[in-house]
């Protein structure tokens, strides 16, 4: 729960911001990390010393539910001559270390990141006649902050967030987010490390899909060229009713060319998925490592979890902590990170140590496998094949309903335990599937209807008997079984 008050209002939950000429004695009573970020805000908004602020009534470090202590809201006049409209500018306080006493973040020194190393910002177009900023963006930022604290995954510029609901709970088409550097806020050196500022940018579903298929930075650049869709400062307009591709159809050609040239930076997603070993009789479950719908999933060993974390760090941090909390209780939202690929794609860890399977969990070669996805996850298979495998990369689905993962690898990926001789291999509940370029092209032809969800009827099955591979697209309810 939060309350709205001027940031300079007295009280234990919202300490007053110091003036530009505050004496050192007063500044010393102010949390140093908070003081440093306020200094950057004062540089940008010298005429707004006490902006409205949404404040967590019970602080996170006192057991409250909201990780952000404060969200300040400023009025930005923009620049009409540069196609930058007047807007509200929201700035968070709490993802970085505000206090330096380990109450929230462990102090690790002044040279590295402060806390998680960043704060969130958001720019919302001001509506005509609007005298005060809406407060819903503060709750949106709290939701993203909860994800960061729960998962310990950080955000980077170019990342995207699949939210699956209008950001303001209206009927808006703006239902997802990209992240980018704030165009005005400069990195701040605090006594507890460096803080950068990442801006949330609201986007339509079609724009999110393009970011997944290509990369977030490319779509952000396109949004900057369309004033109504964001313009130079990427200001979110919740009343925008058209995608950038409807506004300028030529932009789709730039995306298609980018995918063909660059491939996709997205290397993994949290998903509703499962796999079965069809080469093993159903009753023969001794030493079985596959996760079957309707059966109790086996859990990853600690070593397996660490291996998957390390080897897929470039694009997917796999863990057993909650995924992004839903803005709408009826929906479960997922987060997908969009990272730039390294020079050589590999399933090795950062230390260049190849995967060495734990001796107690042997790697098994499988003769035949059955992959199962919900419709949203299945719709990403063409992206996996065209944007990743055809560019010599890998792509991972990490289950959000069990401790298992499915990694597709191309023949050029190093460190994989699936090989051309044994293309299906499992290490515990982690399945790897190696696909040749020829087979990828064949699958893309056969899976073409996955790109037209409006014409899709579930369940849907695809089969390649000569490859002993089957893929099923199933209703969400199949994956929501309490036993799965």
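Cβ atoms here come from the backbone N, Cα and C positions, even for glycine.
Since this is a predicted model, take the numbers as computed values, not measurements.
The region 'Disordered' annotation in Swiss-Prot falls on one of the ranges 1-24, 25-48, namely 1-24. When 170, 346 are compared with the annotations in Swiss-Prot, the one labelled phosphoserine turns out to be 346.
Of 131, 301, the one with phosphoserine in Swiss-Prot is 301, while the others lack that note in the record, though it may still apply to them. As annotated in Swiss-Prot, phosphoserine applies, among 172, 342, 463, to 342. Of all Cβ atoms in the shown protein chains, 11 besides its own fall within 10 Å of the Cβ of residue 257 (ubiquitin cross-link).
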